Amino acid sequence: MKALILVGGYGTRLRPLTLSTPKPLVDFCNKPILLHQVEALAAAGVDHVILAVSYMSQMLEKEMKAQEQRLGIRISMSHEEEPLGTAGPLALARDLLSETADPFFVLNSDVICDFPFQAMVQFHRHHGQEGSILVTKVEEPSKYGVVVCEADTGRIHRFVEKPQVFVSNKINAGMYILSPAVLQRIQLKPTSIEKEIFPVMAKEGQLYAMELQGFWMDIGQPKDFLTGMCLFLQSLRQKHPERLYSGPGIVGNVLVDPSARIGQNCSIGPNVSLGPGVVVEDGVCIRRCTVLRDAHIRSHSWLESCIVGWRCRVGQWVRMENVTVLGEDVIVNDELYLNGASVLPHKSIGESVPEPRIIM
């Protein structure tokens, strides 16, 4: 079985992290976002993953080719010369996707959840129509594509992209199974699968919804990235508690790479992820943060709701909070306060940032 993952976007919502690394390769809980998806697909029996690539495609290709042998699957690249939306990439990869008559997965690359891929396959085969969409319930459906479907069968009657008035609280979770017949509906041009393809399929009775059980998050922007981390760590607590870290000063759900080092008298957690090579000196307090590979947090600093990029250096007695995001290789000097700062890569910060703003 095959899967197509849409990884061609610029990742603008997750800047400044995506200025130096394509979004699918940004580490989420110590593993690239894309790898969470690919490993789950491989575990469900997918043997060929196609990546619809554009921005920083060489970095993506290099990283995923290295994973091919480890996972025992085939990984192909489908290169977009121009942005093709969310349906155009299917037409571009038509030859690969239609090599067999089997249905195939399509995934948005921003999504993290428990990935019920085997259950999706069973659901799709049971109803026998052209398309299956994974849906989830949210409190603010107006930001998403909303699905109106039959409660017992899942047959979708309407598919409304970002409705202005309340239609339903079930939204498109960004994961589909489609039969090859769907490819005949899509032309090789910029096309939205949500606005142009799914509404027609729903009208013809060819689209069904399966409701996701468990957590779900679109982690495409920093505040949602941190919320997704909290949900993921709680899921680990329930299913794989042995993967979480415990020890002096550890509070709640904390994930620590074995190569990270934590000093004395620290308070780490709840909801913290420390990546490979991270150094946390004595007396540091970190809550609800992701600290990426080779970052260094010096003594007595206090971080809450932050993303610290690769190889950053945070000085002594620094306070950072309110979804402060440091791009790659940022230096924050001693005794500064950063409130909601978004700092571009390779910057050195010499004065406090008391109000949320972008540091260029």
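Including glycine, each Cβ sits where the backbone N, Cα and C put it.
Features of the protein shown, as given by Swiss-Prot:
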ACT_SITE  LYS162  active site
BINDING   ASP110, ASP218  GDP-alpha-D-mannose binding site
BINDING   ASP110  Mg(2+) binding site
REGION    2-222  region 'Substrate-binding domain'
REGION    245-360  region 'Hexapeptide repeat domain'
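Secondary structure at ASP218 (GDP-alpha-D-mannose binding site), as computed by DSSP, is strand. Cα of ASP218 (GDP-alpha-D-mannose binding site) to Cα of LYS162 (active site): a distance of 15 Å. Following the DSSP three-state reduction, the secondary structure of LYS162 (active site) is coil. Using a 10 Å Cβ-Cβ cutoff, ASP218 (GDP-alpha-D-mannose binding site) registers 21 neighbours. All protein chains included, ASP110 (GDP-alpha-D-mannose binding site) registers 23 other Cβ atoms within 10 Å of its own Cβ. Listed in sequence order, SER142, LYS143, TYR144, GLY145, VAL146 are the same-chain residues at least 6 apart in sequence whose CB falls under 8 Å from the CB of the residue listed as 'active site'.
Helix first, then strand, then coil: DSSP counts for the region 'Hexapeptide repeat domain' (245-360) stand at 0 helix, 49 strand, 67 coil.
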